[in-house]
Structure formats: C-alpha cells, structure tokens
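Database features (TrEMBL):
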SIGNAL    1-29  signal peptide
DISULFID  CYS43-CYS123  disulfide bond
ACT_SITE  HIS74  active site, proton acceptor
BINDING   ASP75, VAL78, GLY80, ASP82, SER84, GLU97  Ca(2+) 1 binding site
DISULFID  CYS76-CYS81  disulfide bond
DISULFID  CYS129-CYS336  disulfide bond
BINDING   PRO176  substrate binding site
BINDING   HIS206  heme b binding site
DISULFID  CYS213-CYS246  disulfide bond
BINDING   ASP267  Ca(2+) 2 binding site
Amino acid sequence: MQQLLAMKLILTLTLGVAVLALSAGTATATCDTLTVGHYRQSCRAAETIVRDTVKLYFSKDQTVTAPLLRLHFHDCFVRGCDGSVLLNATAASGPAEKDAMPNQSLDGFYVIDAAKAALEKECPGVVSCADILALAARDAVSMAAGNINGASLWQVPTGRLDGRVSSAAEAVANLPSSFADFAKLKEQFGSKGLTVQDLAILSGAHAIGNSHCVSFAKRLYNFTGKGDADPTLDRAYAAAVLRAACPPRFDNATTVEMVPGSSTTFDTDYYRLVASRRGLFHSDQALLQDREAAATVRAMARSSRQAFFRRFGVSMVRMGNVGVLTGTAGEIRKNCALIN
C-alpha cells in the first residue's frame with residue numbers, strides 16, 4: 001500500500017463538482033491489479049447498471065447511501081475488499097462476517113443483490129460482487145452530494161475478485177470500534193496501509209446516516225463505569241440533543257442522525273461538529289487527540305465541499321485497494337451471498 005503514495009492525480013471540475021480521475025500511468029497506485037474501466041471490453045454497461053440500480057433505490061429512499069458506504073468499509077477492513085461481508089454463513093463455514101455483532105446492523109444488501117442480478121443478465125459471470133460494493137458506495141455518495149444525474153465524485157479502479165472465506169471472528173477483530181481511542185484507530189488503519197490523513201478523511205463518512213443509541217450511550221451515562229460522561233463531549237450539546245434523543249432507558253431501536261438535520265447530505269458539517277466537540281462517537285472525537293488528524297479535521301471544517309470531495313475520493317481509492325484478490329486467488333460469484 002505504500003506504493004499508493006506514487007499516485008498521480010488529475011483533478012477536473014465537472015458540473016462544479018471535483019471529480020477524481022486516475023492518470024494513465026497509475027499501475028502502482030492500484031497495486032498493479034486494478035484499473036479504471038476494467039469492464040470496458042467485457043461488460044461495457046457494468047458501471048451504468050450499478051449506478052442505475054443505486055439511483056433507483058436512492059430516488060425512493062435517500063437514507064440508502066450510508067448503508068452502502070458502510071458495507072464497502074466493513075468489507076475492506078476484513079480480509080480486504082473481496083466481498084466477503086456479503087457471504088452467508090454455512091454449516092461448514094460457521095458464522096460469517098455479517099453475523100458478527102458490529103455487522104448485525106448492516107443494511108443495503110438488497111441493492112447489491114439487485115445490481116448483481118441485472119449484471120448477471122447482461123454479462124453473466126463477469127462483474128465481481130467486490131467491485132459492485134465499491135461502485136455502489138461511490139455512486140451513492142455522489143448522489144448524496146447532489147450529483148444524482150451528474151458526474152461521479154471519483155473514479156473507481158475495478159478488477160477485484162470475490163473471496164471464498166467469511167469469518168465473524170475476523171470481523172470482530174478487525175473492524176474499528178466507535179469507542180476506540182486514536183492510538184487504536186491509527187493502528188487499525190495503519191495495518192491496512194492507510195495513513196492518519198486517510199483516517200481523518202474517511203471518518204467524514206459519518207457525515208451521513210444514523211446511529212442506534214447503544215453505539216454511543218456509554219459516552220452519555222457511564223463512560224468509565226462510574227455513571228459519568230465522556231469528558232471530550234460538549235456537555236451542553238450532550239444534554240440538549242443527545243440525552244433528549246436517547247434517555248437513560250432508551251429503546252434499542254432508537255436512532256439519531258449522525259449530523260443533526262443533515263443525515264442524507266454528504267458535506268463537511270461532520271467536521272464542524274467534531275471540531276466543536278460534538279462528534280457522535282468517541283472515535284470521532286478521538287481525531288482531536290492527534291496533531292495531524294486534528295489539523296485535518298479543522299482544515300475540512302473550513303474547506304469547500306469540492307475540496308472535501310476530492311480528498312475523500314483519494315482516500316476511498318486507497319481503501320478500495322486493500323487486500324484485493326486477483327488471478328486465481330478469488331472468483332466471480334454468481335450470487336453475492338454464496339460462493340460458487
């Protein structure tokens with residue numbers, strides 16, 4: 001992953017939105033395996049089919065963006081970006097990634113399945129589920145940024161194969177926790193070849209979506225086991241907003257917006273919340289524990305949407321290169337939930 005630093009980027013502006021394009025000489029940036037337009041000859045309509053599928057569901061429910069983005073994140077952090085998060089458990093395999101506690105609230109599988117069905121009809125056995133995850137995440141975020149009919153925010157190198165192994169235990173061990181301190185987050189991202197800046201930028205994914213109260217209630221009522229609150233959280237905000245939404249005896253189904261009033265819009269509001277000690281998760285606020293991460297948070301809080309989109313696209317490409325399978329290491333699943 002260190003080779004990613006050699007990436008050459010061309011930034012173009014299309015319809016007023018920064019679009020990330022990879023230059024022709026970027027083989028090292030994609031681990032010598034992934035390329036933009038990988039399906040240009042084998043399935044010309046592949047990216048259009050995925051985008052149209054995401055658009056269909058987004059037009060009905062704009063909250064679909066966060067689940068699709070989260071699926072891609074959770075896939076890449078366990079065994080790499082190999083679609084293993086989509087596999088069902090079997091008697092032989094035991095509990096799969098989606099059965100792990102951190103993944104039991106995952107959603108959006110139906111969008112991936114719909115895209116896969118359409119692709120299998122158009123180009124049987126050609127497009128991997130791992131690539132569908134990466135493309136769907138990009139398309140959903142682009143739409144949440146206001147580009148429902150416009151250009152994508154970044155180009156996705158494709159050519160991943162699907163893995164054949166999915167383990168709940170590995171998901172528990174590898175997925176970052178919402179209660180993690182910065183040192184742990186840095187260690188986990190670093191183990192994937194991702195930098196502190198990637199960590200701070202990819203945390204911007206929390207600009208969209210909702211969270212169950214159970215994911216952060218400890219910060220409000222029992223942070224150290226003594227009935228106290230997380231000292232990194234703004235007290236007035238916690239009382240007026242978070243405790244009001246999640247009282248001490250909250251329902252486990254109760255959710256709150258990651259960014260109040262802006263849970264379906266991809267923008268920089270998340271960074272302004274974190275900079276003012278109002279991030280929802282302890283892991284959000286932990287970004288201020290590190291000088292470089294804190295500087296990135298404050299820079300993004302002041303930046304334009306286009307500048308954030310550009311940097312988010314760069315880090316998403318880097319994450320999308322983690323642990324990819326090629327050659328004989330994987331397969332193209334016919335059904336994303338089942339190995340062939």
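Note: Cβ is positioned from N, Cα and C throughout, glycine not excepted.
Any TrEMBL annotation is an automated prediction that lacks curation.
These numbers come from a predicted model, not from an experiment.
Looking only at the disulfide-bonded residues CYS76, CYS123, CYS213, CYS246, the densest Cβ neighbourhood within 10 Å occurs at CYS76.
Neighbour counts were taken as the number of other C-beta atoms within 10 angstroms of each residue's C-beta; across the recorded positions CYS43, VAL78, CYS81, CYS336, the minimum falls on CYS43. Between the C-alpha atoms of CYS123 (disulfide bond) and CYS213 (disulfide bond), the distance comes to 43 Å. Residue density at the residue listed as 'Ca(2+) 2 binding site': 18 other Cβ atoms are found within 10 A of its Cβ, drawing on all protein chains shown.
Distance between Cα atoms for GLU97 (Ca(2+) 1 binding site) and HIS74 (active site, proton acceptor): 9 Å, as a whole number. Counting only the Cα atoms, the space from the residue listed as 'Ca(2+) 2 binding site' to CYS81 (disulfide bond) is about 25 angstrom.
The binding-site residues considered are ASP75, GLU97; of these, GLU97 has the fewest other C-beta atoms within 10 angstroms of its C-beta.
When the alpha carbons of SER84 (Ca(2+) 1 binding site) and CYS43 (disulfide bond) are compared, the span between them is 23 angstrom. SER84 (Ca(2+) 1 binding site): 29 other CB atoms within 10 A of its CB, across all protein chains. Among the disulfide-bonded residues CYS43, CYS76, CYS129, CYS246, the ones whose Cα sits within 10 Å of the Cα of ASP82 (Ca(2+) 1 binding site) are CYS76, CYS129.
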